[in-house]
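What follows is a set of notes on a single structure, which appears directly below.
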Amino acid sequence: MGIKEDNWIRKMAIEEGMIEPFADSQVKLHPETGEKLISYGLSSYGYDLRISREFKVFTNVYNSLVDPKCFTEDALISIVDDVCIIPPNSFALARSVEYFRIPRNVLTVCIGKSTYARCGLIVNVTPFEPEWEGYVTIEISNTTPLPAKVYANEGIAQVLFFEGDAACDVSYAERQGKYQKQQGITIPFV
């Protein structure tokens, strides 16, 4: 199983719709204002995805218990904005700007960008399995004792693509994976 390079990622994005919308290079400046951005787009051996303007931030307003088998949205506040302030020692969910369609013989691993990690923000995204498609739900933990800012429409994590030596017997789509074709921020369910 080998990691895939920029030429392969570009070809799959353009010809197969693997990533939509697709930025063909690293974007570091806002195209209209010239303002510095947390980079996104194609890199040497990966693709830096962006975070959308949709966020769900954890709150304790209703004194809720977080239970992955019986999750309630009472624990979350929905925000649509160009920035999201994550409270100290708290957590937010978001979604990617990009829609992904993963080929049958490919598995991805997604790693948070170092710019955020160096600020105490930990980004977690589970692997994109063979034939999974959808917008990516992104988990962001603020491990600091201070509020932390996340910028919408800028880079948040890097996706690495690994091609298997052979196609899998059963894909995520064939297993009818529960997060297949997710459109927005998807909360946990069993």
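In case you wondered, yes, glycine gets a Cβ from its N, Cα and C as well.
Residues or ranges marked as dCTP binding site by Swiss-Prot on the basis of sequence analysis: LYS113, SER114, THR115, TYR116, ALA117, ARG118, GLN158, TYR172, LYS181, GLN182. Within its own chain, LYS113 (dCTP binding site) has ILE38, SER39, ASP48, VAL123, GLY155, ILE156, ALA157, GLN158 as residues 6 or more apart in sequence whose C-beta sits under 8 angstroms from its own.
What Swiss-Prot lists as active site, proton donor/acceptor is GLU139, and the listing cites sequence analysis. GLU139 (active site, proton donor/acceptor) falls within a strand when secondary structure is assigned with DSSP. Cβ-based neighbour count (10 Å, all protein chains) for GLU139 (active site, proton donor/acceptor) stands at 14.
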For dCTP: widest Cα to Cα gap among LYS113, SER114, THR115, TYR116, ALA117, ARG118, GLN158, TYR172, LYS181, GLN182 in Å: 34
Can you tell me how far the Cα of ALA117 (dCTP binding site) sits from the Cα of GLU139 (active site, proton donor/acceptor), in Å? 13
Within 10 Å, the Cβ with the most other Cβ atoms among the binding-site residues THR115, GLN158 is that of GLN158
When you measure from the Cβ of LYS181 (dCTP binding site), which residues in the chain that are at least 6 apart have a Cβ under 8 Å away? GLU133, GLY134
For a quick check of packing: other C-beta atoms within 10 Å of the C-beta of ALA117 (dCTP binding site), how many? 13
